[in-house]
Amino acid sequence: MASVPTFNKVGYTTVQNRLNCNGNVHLGNSRCLKVRIFEERAKSGFCKLVTRAVAAKPEIDISNPDWKKKIEDDFERRFNLPHLRDVLDVEPRPTTFSLKSRNPIGEGNGSLNSGWNGYVNDDDRALLKVIKFASPNSAGAECVDGDCTFIEQWVHRAGPRKMIYYEPSCVKAAIVTCGGLCPGLNDVIRQIVFTLDKYGVKNIVGIPFGYRGFTEKGLSEIPLSRHVVQNINVVGGSFLGVSRGAPSTTEIVDSIQGKGIDMLFVLGGDGTHAGANAIHEECRRRKLKVSVVGVPKTIDNDILLVDKTFGFDTAVEAAQKAINSAYIEAQSAYHGVGLVKLMGRTSGFIAMHASLSSGQIDICLIPEVSFNLNGPNGVLAHLEHLIETKGFAMICVAEGAGQELLEKSHATDASGNAVLSDIGVHLQQKIKRHFKEKGLYADVKYIDPTYMVRAVRANASDAILCTVLGQNAVHGAFAGFSGITTGTCNTHYVYLPITEVIKSTRHVDPNSRMWHRCLTSTGQPDFH
């Protein structure tokens, strides 16, 4: 038996644990906290099945000639999409969606049988991983055995199907946006409504202010139509409003049942998706014909498996203004130090990409890579070198970087996220104190553009992504899937089970080529 490393990010080291009503099961993953908080608010004590990655690595007998097939079969099983057919006796009907018709296809005609209509076959798949590594020592290598045998990991292609599982004229669809703001929310809402309309759905509503809109007194459904949402994409924010936290799963599903909702489209991050999966499981337990479909939303870009989440490109672009302002301030000052703190609680994608795109950053600090401030190889020593050699310096730091250097608050927000200590202010103070103790002058210019970055309108790249994600969410619901989310894998649009994307948080791989490119751009040394 050989001990084999886990697939990075995807993995096959999973266990299924029944979260008991006391929340006693330890799953070895901080993201379990989000599901647990979501469920502990349930007064009924309803307990759902939660799938989470664990820290322990499996023992795989690679001497078994069938080991590769077993891994691929296990992957196929885990990534099989939950469907209404799993718990209900439902029959499909020909779709009302067609690219050749201005209006939904009539009830009597069904899908057009002649020629091409742009439908996706249920058996279409896309590869999750496309690089064949030659050695475990290759940058970013993900290998099961010493030969880096290529493991085929196929996921379901997204898009409209020829057969659907709902009568569009009878469907009531709801949209909810949860968590914090993110560029592109209105674009996704708009395209969901547009696509529902093209299927022939007329009863479309928005749930105001996140999950709390299901139960909060004084909050009513917002009627949506093509006319209502026509121009909401020209501004940032959310047309429906957002909030953190939620009532219990039971209360939400009671509301869904009472309102007669058939499709629920949930826009949010991993915590929101954990809640969506709990709603999906409870609907299945009650044998309700309800499709719950997620659209991953976080500017941190920390959703597992997908190439990128909507809003990320816009956030990186918006961050350029802050970086450029800090650069001008630092360059114009005597011994200026420009310091910009960007979003990124546990993942440093925004800081890394913003540093790469600006070309002005000398030091990029992210949560995934620890660093020392003091000592001959520390950040402060390198700052001295930069001041001496070029006269000024630029630092970009993710909000979650260097938390081990700070005193923990032990507080959490309404979503269950740990309240982070302010690394930006800490660095600002440390830099000033260090240079003062050295008898040197330093003028620190600190900028925190957090709310400016996330409140802006989606740029062209994100607007396209939002458009396709919104359309595919509707296609997935009509195809009868539930408990799924939609995104891009290797540039292809796919559907993924929610249980797989909430197993852990996506992180920057310090061994990846992208992080190496960032280090090449900044020229920073190893701060250890």
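Here the Cβ of each residue, glycine as well, is placed from N, Cα and C on the backbone.
For D300, the entry in TrEMBL reads active site, proton acceptor. Look at TrEMBL and you will find G180, R244, G245, G269, D270, G271, T272 tagged as ATP binding site. If you look up TrEMBL, you'll see D270 marked as Mg(2+) binding site. Residues annotated as substrate binding site in TrEMBL: T298, I299, D300, M343, G344, R345, E399, Y451, M452, V453, R454. If you look up TrEMBL, you'll see 173-475 marked as domain 'Phosphofructokinase'. The site 'Important for substrate specificity' annotation in TrEMBL covers G271.
This prediction places the mean pLDDT of the domain 'Phosphofructokinase' (173-475) at 94.
A Cα-Cα distance of 13 Å separates M452 (substrate binding site) from G180 (ATP binding site). Nearest to G180 (ATP binding site) in space, judged by Cα atoms and limited to the recorded positions D300, G344, E399, R454, is R454. Less than 8 angstroms from the CB of T298 (substrate binding site) sit G179, C182, G268, G269, D270, T309, G311, F312, each of them six or more residues away in the same chain. G269 (ATP binding site) counts 25 other C-beta atoms within 10 Å of its own C-beta, drawing on all protein chains shown. There are 29 other Cβ atoms within 10 Å of the Cβ belonging to T272 (ATP binding site). Long-range neighbours of the residue listed as 'active site, proton acceptor' (same chain, six or more residues apart, CB within less than 8 Å of its CB): G269, T309, F312, M343, G344, R345, T346, S347, F349, I350. E399 (substrate binding site) and G271 (ATP binding site) have their C-alpha atoms 19 Å apart, to the nearest angstrom. In this structure the C-alpha atoms belonging to T272 (ATP binding site) and R454 (substrate binding site) are separated by 18 Å.
Cα to Cα, G271 (ATP binding site) and R454 (substrate binding site) are separated by 18 Å. Ranked by how many other Cβ atoms sit within 10 Å of their Cβ, the binding-site residues G180, G245, G271, G344 place G245 at the bottom.
Among G180, R244, G245, G269, D270, G271, T272, the residues given in the record as binding ATP, the maximal Cα to Cα distance rounds to 13 Å.
For R244 (ATP binding site) paired with R454 (substrate binding site), the C-alpha to C-alpha distance reads 16 Å.
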